[in-house]
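Participant: I have a structure I would like to understand better, so I am pasting it below and will then ask my questions one at a time.
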Amino acid sequence: MIGHEDLAVRTLGPCRIDSPLAERLAARETTQHSVVEDDRILFDDTISMAGVRGVPVEQLPSLEPGGPRKRIYFDPAKTRVGIVTCGGLCPGLNDVIRGLVLELCRHYGVRRIVGFRNGYRGFIPHYGEDVVDLSPEVVQHIDDEGGTILGTSRGMQDPEDIVDALERLAINILFVVGGDGTIRGAMEVVRVIGERGLKIAVVGIPKTIDNDIPYIDQSFGFQTAMSEATKSIHAASVEARSAPGGVGLVKLMGRHSGFIACYSVLAKDDADYVLIPEVPFALHGERGFLEHLRRRVEDRGHAVVVVAEGAGQEHIDEHEPGRDASGNVRLGDVGRLLRRLITEHLDDAKVENNVRYFDPSYAIRSVPANPYDSAYCLRLAHAAVHAAMAGRTEVIVARRRRRFVHIPMALAVSRRNHVDPLGDLWMSVLEATGQPVRFE
Ligand SMILES: Nc1ncnc2c1ncn2[C@@H]1O[C@H](COP(=O)(O)OP(=O)(O)O)[C@@H](O)[C@H]1O
Ligand SMILES: O=P(O)(O)OC[C@H]1O[C@](O)(COP(=O)(O)O)[C@@H](O)[C@@H]1O
Ligand SMILES: [Mg+2]
């Protein structure tokens, strides 16, 4: 069970400098829409969960609120900031970079901001990457494009080398925009910073197209990515309905978590089956997926199947699970497997079929953020700047139950966010598709 010690946020030291934002904060109080800096946000959100702890309300586990502080740790005029983006792309990365730079410059008066190129390798001398000076002029319109103007990469880098680079450039604050791997890397950087007795804040803005980072509502870019995915589901549905025995099969990203598949199916409400990593399925047999699909095609003349890339890995025996440069397990291609098995199964059953396979792949994550995600990215960037200027370190900023909070990095990587097979989301998917609870 999560306790106080899991939620404690590290700071570099006392905040002794008046914030340039102090005047704006004078009239603030905790309301339904804001939480003042010395209030706390309860971790549990049901009476039953809070009740089992059996402690008075002020002793319940709670999170530090995000947002501006009246007094800050860093002197803006003497603060030098670095920004890095790591891991796979996600819509909104440029929005986050832009938001960080604008907030730092315009509201805090920080003038020296650099971007490291191509993820953590941008710190390492032998790659020969330059650093990018970031100013409001440079970032003003970068949100019109997908991707990240800084570039990104996977692959391990030595945290000693990273901290060497931070020292060489006299960086006081490092913003890391990335997923679970990036946050683990940042924790290594924090460890080395501590060992060298340096006062450098490291603050993360969690990035995951798969929505697999826990304790946050939904990651930035997710809404954009799932909106893109609906286009493929729509196309699959049109193809399926336009051919005798039409089967539209769509494979979507989602290495360990099937959120994109679930939400895009709910948005389109055209799919008959959703297969996700969290819910294993049998392929063969009377109650297996293939036989169920055959009956559906015979009854209705067509079907749409959406599969998350991490689903059904247990069925891919020829697959030797290698790892990518960052240590992430390489997946077998469940989409191609299903295309072959569905065709064979329908052929064997003498059911006329036309299987159309869609793999939008990177197309869903390389687009610019939609307006909702852009606004969300900007607010996360603001929260990250406020946290860092107040000397918070080894934290990510996040929105949890619509409140901006500081979450210790260790907690953010302590587990993965999954679609709960017993939860409301999966229940909605089952209702929308009409598929059985299990294929067994
Ligand atoms: N366990 C780890 N320890 C230290 N650094 C890591 C670890 N996992 C990943 N990283 C670093 O974080 C970067 C991004 O990780 P990756 O898994 O590719 O993407 P993401 O951050 O999106 O999960 C990699 O370049 C790697 O240097
Ligand atoms: O080909 P790449 O760049 O490794 O990306 C593929 C993977 O990246 C993701 O989009 C997200 O991964 P990260 O969150 O680790 O960046 C997965 O859904 C997908 O499996
Ligand atoms: Mg990851």
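Please read every residue number as a count from 1 along the shown chain.
Placement of Cβ uses the backbone N, Cα and C atoms for every residue, glycine included.
Please treat TrEMBL annotations as automatic predictions, because they have not gone through curation.
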Participant: The ATP site in TrEMBL includes R154, G155, G179, D180, G181, T182. Which of G82, G88, G246, G248 is also listed there?
Facilitator: G88
Participant: Figure out which of E145, E160, E309, E314 sits with T208, I209, D210, M253, G254, R255, Y362, A363, I364, R365 in the substrate site per TrEMBL.
Facilitator: E309
Participant: Calculate the distance in Å between the alpha carbons (Cα) of G88 (ATP binding site) and G254 (substrate binding site), and round it to a whole number.
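Facilitator: The separation of the Cα atoms works out to 12 Å.
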Participant: Taking the recorded ATP site as G88, R154, G155, G179, D180, G181, T182, identify the other residues of that chain whose CB atom sits within 8 Å of the mean position of the site's CB atoms, giving them in sequence order.
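Facilitator: These residues sit around the ATP site: C86, G87, G119, G178, G185, S326, N328.
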Participant: Specify the count of other C-beta atoms within 10 Å of the C-beta of T182 (ATP binding site).
Facilitator: 28
Participant: Round to the nearest Å and give the CA-to-CA distance linking T208 (substrate binding site) with T182 (ATP binding site).
Facilitator: 10
Participant: Please average pLDDT over the domain 'Phosphofructokinase' (80-387) for the predicted structure.
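Facilitator: That region's mean pLDDT is 97.
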